[in-house]
Amino acid sequence: MEMSYNSTGENEFNSPQNLTVPGASSPVENSLKEPCNTPLSNDTLYSNTNSPSDSCVKPLCNAASEKKSNKGVKYVSSEGDKLECGWGAFTPACLQFFNTPKGVLLFLCVASFLQGMIVNGFINTVITSIERRFDLHSYQSGLIASSYDIAACVCLMFVSYFGGNGHKPRWLGWGVLIMGVGSIVFALPHFTTSPSEVHFSEETGICSSHQSMPCAESVSILSNYRFVFMLGQFLHGIGATPLYTLGVTYLDENVKSNYSPVYIAVFYTAAILGPAAGYLVGGMFLNIYSEIGKQVDLTPDNTLWVGAWWIGFLGAGAAALLTAIPILGYPHRLPGSQRYIIMRVSEAHQLKDGSQETASDPDFGKTVKDLPRSLLLLLKNPTFIFLCLAGATEATLIAGMSTFGPKFLESQYSLSASEAATLFGYLVVPAGGGGTFLGGFIVNKFKLRCSGIIKLCLLCTVTSLLPVFIFFIHCPNMPMAGVTQMYDRSILLESSLNLTAACNTECDCLREIYSPVCGSDDIMYYSACHAGCKKISILDSGKKVYQECSCILENDPTGSAQAIAGKCTSSCERRTVLLVFMFFVIFFTFLCSIPALTATLRCVSDRQRSFALGIQWIVVRTLGGIPGPIAFGSVIDLSCLVWQDQCGEQGSCYVYQNSAMSRYTLVAGIVYKVVGTVFFLLACFLYKPPPPESLPGSSDALENGNCVLRENTSLQTQAAD
C-alpha cells in the first residue's frame with residue numbers, strides 16, 4: 001500500500017486541480033478545459049499570463065473541487081516525474097511535511113549558511129594563521145581565496161545551462177556533497193605535516209640568552225601546501241556553483257513571484273550570517289593552539305601563535321555531507337508549483353528585433369545546440385550586461401574586504417588575530433544580514449517592477465559611496481622602536497628599518513624571533529631582546545613580564561624599565577567612528593544585493609533565468625571575485641613595514657603601515673563605488689519594459705484570460721494501491 005500525501009501549496013493554496021481520482025476514466029476528463037471568468041480583487045480575470053506582483057491570491061478556478069478530500073492520492077507530473085519527497089522508491093509520509101517551499105528554503109538556508117561560514121568565514125579568519133604556519137605571502141593567500149571563484153567560473157556555464165533544464169535538487173545535493181569534501185581536503189595539511197615546532201622558551205628572546213634559531217629546510221616545502229588549500233577551495237567552488245544559480249531559480253519557480261524576493265532574501269541572509277558565524281567561531285578556535293594538547297610557552301597575543309584553524313573545516317564539512325542527503329530527495333518541482341508558473345508575466349527587456357520571443361519556445365534550451373543562441377540573447381540584453389558589471393564592482397570590494405577585513409582591524413587597532421576576527425564578525429552580522437533581508441523586504445513591500453528595482457540599487461550604491469570617505473582617517477601605528485621611530489624617539493623613515501641600538505648591541509638579538517612586547521614607556525619593541533630585557537617572570541594570569549630592560553630605561557622616567565609580552569593596547573580615539581562608518585558601507589552594499597538579483601531574474605525570459613544567473617556569476621567572479629582578494633592582498637603587501645625573515649627568505653608580514661593601508665582602501669572604495677553607480681545608471685536608462693498592453697489588467701489580457709493548463713504541464717494523480 002503506497003503512502004498517500006495531501007499536497008498543500010504555499011500561502012494556503014490547495015492542491016492542483018488537474019487530478020485523476022479513483023473512478024475517473026482519464027486525466028483528460030478531469031482536466032479544466034473551460035475558460036475561467038472568476039474576477040480577481042482588481043476586477044480582472046484569471047489568465048494564462050501572470051502579473052509581476054501576482055495579485056491573484058485565489059486558487060485557479062473550480063475552488064470547490066479543491067476542497068474535496070485527496071485521501072489516497074499521490075502526485076506525479078504528466079511526464080511521469082514523482083512529486084513526492086524521498087529517494088527512489090523510499091518516500092515515507094513523514095518526509096512529505098518538508099515537501100513545500102518552506103521546507104526547501106530550510107535546507108537551502110542550511111547549505112548557504114555552511115557555504116558562507118566555510119568560504120567567507122573560516123577561510124578569511126584563518127588567513128593570518130595559515131600564512132604563519134605555512135610561510136605564505138598575502139598575495140599567495142589571496143590566490144587561495146580566489147581559487148574558489150576560479151572553480152566557479154569553470155563550472156558555472158555548464159551547471160547553469162544543463163542544470164537549469166534538469167533535475168535541480170539533484171544538482172544542488174551533489175554540489176553540497178562536493179563542498180563538504182572540499183572542507184575536509186582543506187584541513188588535510190594539518191594532519192599531513194609534522195607538528196608545528198615553535199623555537200621559543202622562557203629564556204629565548206631575552207638579552208644575553210645566546211640562543212640561535214636554526215634554519216629549517218622545510219621552509220620552502222611548507223609553502224607548497226598552498227596547492228592543497230587551493231584544491232580544497234576549488235572543490236568548494238565546484239560544490240557551491242549550483243547553490244546560487246539553481247537554488248535561487250528553484251525557489252523562484254515554486255513560490256508566487258511577489259514572494260520570491262522574500263524567499264531569496266532569507267536564503268541570502270543565511271549566506272551572510274554564515275560568514276559572521278565563521279568569524280566568531282573561527283576566532284574562538286584560534287584561541288586554541290593548533291597542536292591540541294601540546295604545551296607551549298606562548299599566548300594568543302604572541303605573533304608566533306598558530307591557532308587551531310583546522311577544526312572548523314572538519315565540523316562544517318561533516319555538516320555539509322549530512323545536509324546534502326535531504327536536498328537530494330526533493331522532486332523536480334514541488335506540488336502545486338504549476339499555478340505560479342501560469343500566473344507569471346514576463347518583464348524581460350524587449351529587444352529591438354524581437355528575438356527574445358525565441359526563448360519562450362518550450363523546447364528551447366534543452367540541447368547543447370541552443371547554447372550559443374541562448375548566450376547571444378543574453379549578450380544582446382544591455383540591462384542584463386550592466387547589472388552583471390555592477391555586480392562585479394560590488395563583488396571586488398566585498399571579496400577584498402571580507403578576506404582582509406580582519407587583518408585591517410588587527411593592524412588599525414593593534415589586536416590579535418582572534419580578536420580582530422571576532423570584531424569583524426560582530427560588524428558583519430547586523431550590517432550584512434540586515435541589509436540583505438531588508439533589500440528583499442523592500443521589493444516585496446512596495447511591489448517594485450524591474451525598473452523600480454534598478455533605481456533602488458542605484459540609490460543604495462550612491463548612499464554607500466558616502467561612508468567610504470571615512471577612510472580618509474586612520475588609527476596611527478603604535479610607536480615601535482626601530483620600526484616607526486628610532487630608539488631615541490626620533491622619527492624613522494618608512495623605507496628604513498633599524499632594530500639595533502647602543503642599548504641592545506651586546507644582546508645578540510635574532511631577527512627571526514618576532515615577539516613584540518609593550519614597554520612601560522608605552523613603546524612597542526620587536527622582542528624582549530631588542531628592548532634589552534635580561535630577566536623574565538610569569539604572572540598568575542600567565543602573562544609574561546620582562547625586567548631590567550636597558551632600552552626602556554632610557555625612556556622611562558619611573559625607572560621600572562619593564563615590558564609585558566604582546567602588543568600595546570591602541571587608544572585610538574577614532575575607533576568608534578571608523579567602525580560605525582564601516583557598518584554603513586557594509587549595510588548599504590548588501591542592501592542592494594537582493595534587489596539586483598531580482599532585477600536580473602526579471603529582465604530576462606523565464607527559461608533563461610538559471611543560465612542568466614550562471615553567466616552573471618561568471619562575470620562577477622571573473623572581474624570581481626577572483627582579482628579582488630589578489631589585488632587587495634598585493635595592496636596590503638605594499639603597506640608592509642616588517643617582513644618575516646627566515647634564513648634569508650621573506651615570509652609573511654609582521655607590521656603594516658596603517659596610514660598606507662587606509663589610503664589604498666579609500667582609493668579602491670571610491671573607484672569601484674563610482675564605477676558601480678555608472679553601471680546601475682546605464683542599466684536603468686537602457687531598460688525597455690514590455691508594452692503596456694501585455695501587462696495584467698489591460699484589454700488584451702482580459703480578452704485572452706483563461707485558466708487552461710497546458711497538457712504537458714498538467715498534474716495527474718494516481719490512486720493508491
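Going from the start of the chain as shown, residues are counted 1 onward.
Here the Cβ of each residue, glycine as well, is placed from N, Cα and C on the backbone.
Quick look at what TrEMBL lists:
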COMPBIAS  1-20  compositional bias 'Polar residues'
TRANSMEM  104-123  transmembrane segment
DOMAIN    104-691  domain 'Major facilitator superfamily (MFS) profile'
TRANSMEM  143-164  transmembrane segment
TRANSMEM  171-191  transmembrane segment
TRANSMEM  227-251  transmembrane segment
TRANSMEM  263-289  transmembrane segment
TRANSMEM  309-330  transmembrane segment
TRANSMEM  383-404  transmembrane segment
TRANSMEM  424-444  transmembrane segment
TRANSMEM  456-474  transmembrane segment
DOMAIN    497-553  domain 'Kazal-like'
TRANSMEM  577-599  transmembrane segment
TRANSMEM  664-687  transmembrane segment
Long-range environment of the transmembrane segment (143-164) - Cβ separation under 8 angstroms, sequence gap at least 6:
119, 123-124, 127, 130, 136, 171, 175, 226, 229-231, 233-238, 240-242, 245-246, 249, 365, 371, 374, 399, 403, 609-615, 617-618, 621-622, 625-630, 633
Would the transmembrane segment (104-123) and the transmembrane segment (227-251) count as touching if the test is at least 3 Cβ pairs under 8 Å, pairs 6 or more apart?
yes
Do any residues of this chain, six or more beyond the ends of the transmembrane segment (424-444), have a C-beta under 8 angstroms from a C-beta of it, and if so which?
121, 258-259, 261-262, 264-266, 268-269, 271-273, 275-280, 283, 402, 405-406, 409, 453, 456, 460, 579, 582-584, 586-595, 598
Look over the recorded stretches 263-289, 309-330, 456-474, 664-687 and say which has the most C-beta pairs under 8 A to the transmembrane segment (227-251).
263-289
Quick one: mean pLDDT on the domain 'Kazal-like' (497-553)?
85
Go ahead and report the DSSP secondary structure tallies for the domain 'Kazal-like' (497-553): helix first, then strand, then coil.
7 helix, 13 strand, 37 coil
What else in the chain is close to the transmembrane segment (309-330), if you only count residues 6 or more beyond its ends and a Cβ gap under 8 Å?
85-87, 95, 98-99, 104, 107-108, 110-111, 114-115, 117-118, 121-122, 125-126, 129-130, 133, 169-170, 172-174, 176-177, 179-184, 186-187, 189-191, 232, 239, 278, 281-282, 285-286, 288, 290
Applying the under-8 angstroms CB criterion, which one of 383-404, 577-599, 664-687 scores highest with the transmembrane segment (263-289)?
577-599
Who are the long-range neighbours of the transmembrane segment (577-599) in its own chain, taking Cβ under 8 Å and residues 6 or more past its ends?
248, 260-261, 264-265, 268, 272, 383, 387, 390-391, 394, 397-398, 412, 427-428, 430-440, 442-443, 448, 450, 453-454, 456-457, 460-461, 463-464, 467-468, 470, 473-475, 613, 669, 683
In the same chain, which residue numbers or ranges, 6 or more beyond the ends of the transmembrane segment (664-687), come under 8 angstroms Cβ to Cβ?
349, 382-383, 386-387, 389-390, 393-394, 396-397, 400-401, 408, 450-451, 454-455, 457-458, 461-462, 464-465, 468-469, 471-472, 585, 599, 603, 631-632, 635-636, 638-639
